[in-house]
């Protein structure tokens, strides 16, 4: 079954495949830790994908492209923040609106950019390290975003666990009433968290259109944003488990693509639906039984806060 | 500065007025978008909202209105029940596809037998297909406490793959020279879903949509299940104390929504679409979410909302052929509508009052 698939290449491409969902999921984790359920990850990702693509093509610089992608995602998330934090709208419905609007707007913006190749994103030069057998390919042969995404996980973990700001953010997510009573600006903290989540999702989207695919087509993210949401549940809101989850899904994606290319006996359709089916399976395993992921969910998740006094 | 003050009870006036206000605001924002695309905004708005009803080709386009509104209303009515109870089925698109596949499969299995029984059996099969697809998130939710939003959405992608398999594999037209797509139902009268009254665009799907509106209205106003749905949505704790089983509600709401979405798909494939093809689904399942909210989750409201949304579909198509407006612009326009609706809902639940200077 694995005949002809090089394990080093498989692990290397697994790490690349997992970057978009990893970035989006770690952003969403922070948002959910602040007690906000933003279901618009898919919309923010695809806005990031199109904005990043356009910026990169126009300026010719992938780095600016990634910045543009993050800005696109954050810009759309600002709409979500406005709706849920100022207008007190339902978070589930607002998130869906974000996705529907993002899908439409992105295909509108990307119209003139179909079939163009974006500038190439280079590999971080590690010099002789890249020549080490196996590890050179697996660890030292990637573009900057791969390392950035892992660093982001470490940074979010450290922030939530060891920084005062992280403690406040978690307090807002666990009990907004108590945080408010202590004098913390619940709304401001949540808006900042939403913007961070939007920027990370946008960055992940830009990675899809600039590195993973790399070109622009409508609906390019193909549900990656929803898988990112599922990974947050899978990770029971713990940063390092997000990394694990993203690599797991990256592995499945890469493996099924390799199997499709290698022409295994399994029909292509079954392979291409496998990431979604496995997401469902993982959700079932994580949500049921004694190790219930829901027990670890932030207590104020999805509830709006309106300071009566 | 202004501040928000929660109303003791939601305002009845604003409850009715917000959809109208939201549509008006969307038209304004949409005009800006069309102007940014280099089109005359007034002409674009007129092409979308006025011409299909009263313009040159209105005699034809008015009929199209019911064709598009039928599935939207049918799906949105089902979704609205769940949304009211806080059960978020966003996979109607997948249930729609599965309903179409099951309905079509039964019809194609009977080909070329002529019998009056075939179509009713296909209707049942369509509803069954959507129901089964919705039961997956429902049972996972009740048995394993899995998030129904994510599961139902994931199943859309799975259903799309099944659709591709159906149109290139097990439902492909054996006389079709190997092209993807099933037999066309318009050449198979026993299984076809033709226009009932010439020129109106009304087919059995439209009839079913009207029936669903009436049934949902009665359910919500007169039936204990409807009361429980409303109670569970507004006061989940009170509902639990009153003995409302959350699991039963999940199964009922998802089941009804799935069956209705399946019906919509089945009527679409046998009528306007005519055959199973790879790109058979046209995002009705997602647009219906907007329709449900635009209709304020109220069956009668959904009826009007569905007609309005159908108008934007038809007007959008006209605008893209006549004015060269990209079809994605209409999708963004519809998304915008949902934003404004949710934002305007603020006025229903809150009063905006001037804030007095406070000591800081």
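One-based numbering along the chain as shown.
Including glycine, each Cβ sits where the backbone N, Cα and C put it.
Where the annotation comes from TrEMBL, it is an automatic prediction and has not been curated.
If one looks beyond the transmembrane segment (A:6-27) by at least 6 residues along the same chain, the residues whose Cβ comes under 8 Å of a Cβ in the stretch are 41, 44-45, 134, 137-138, 141-143, 145-146, 149-150, 152-153, 156, 196-201, 203-205, 207-208, 211-212, 221, 224-225, 227-229, 231-232, 235, 239, 242-243, 245-247, 249-251, 253-255, 258. The annotation transmembrane segment is assigned in TrEMBL to A:6-27 (among others).
Among the features that TrEMBL reports, transmembrane segment is placed at A:39-58 (among others).
Annotation comment: TrEMBL describes A:64-83 (among others) as transmembrane segment. Tertiary neighbourhood of the transmembrane segment (A:64-83): same-chain residues 38, 40, 43-45, 47-57, 89, 94-95, 97-98, 101-102, 118-119, 145, 190-191, 194-195, 197-207, 209-210, selected by CB-CB distance under 8 Å and a gap of 6+ residues from either end.
Here TrEMBL flags A:95-114 (among others) as transmembrane segment.
For the transmembrane segment (A:134-160), the list of distant contacts is 8-9, 11-12, 15-16, 18-19, 22-23, 26, 29-30, 33, 66, 121-124, 126, 166, 169-170, 200, 203, 207, 211, 239-240, 242-243: same-chain residues at least six beyond its ends, Cβ to Cβ under 8 Å. Among the features that TrEMBL reports, transmembrane segment is placed at A:134-160 (among others).
For A:191-210 (among others), the entry in TrEMBL reads transmembrane segment. For the transmembrane segment (A:191-210), the residues of the chain that approach it from at least six positions outside its boundaries are 19-24, 26-28, 30-31, 33-34, 36, 38, 41, 44-53, 56, 62, 65-66, 68-78, 80-81, 84-85, 118, 121, 145, 152, 169, 216, 220-221, 224-225, 228, judged by C-beta separation under 8 angstroms.
Non-local neighbours of the transmembrane segment (A:216-235) in the same chain are 20-21, 24-25, 28-29, 32, 39-46, 49-50, 53, 99, 103, 106-107, 110, 113-114, 116, 118, 201, 204-205, 208-209, 241-242, 244-246, 249, 275-276, 279, 282-283, 286-287, 293; each lies 6+ residues outside the stretch with a CB under 8 Å from one of its CB atoms. Look at TrEMBL and you will find A:216-235 (among others) tagged as transmembrane segment.
Annotation comment: TrEMBL describes A:242-262 (among others) as transmembrane segment.
Annotated transmembrane segment per TrEMBL: A:268-286 (among others), in sequence order.
Sequence-remote contacts of a segment are chain residues at least 6 beyond its ends whose Cβ falls under 8 Å from one of its Cβ atoms, and for the transmembrane segment (A:268-286) they are 223, 227, 230, 233-234, 236, 245, 248-249, 252-253, 256-257, 259-260, 292-293. Long-range Cβ contacts of the transmembrane segment (A:39-58) within its own chain (Cβ-Cβ under 8 Å, at least 6 residues beyond either end) map to 20, 24, 27-28, 64-73, 75-77, 80, 91-92, 94-103, 105-107, 109-110, 113, 116, 118-119, 197-198, 201-210, 216, 219-221, 223-226, 228-229.
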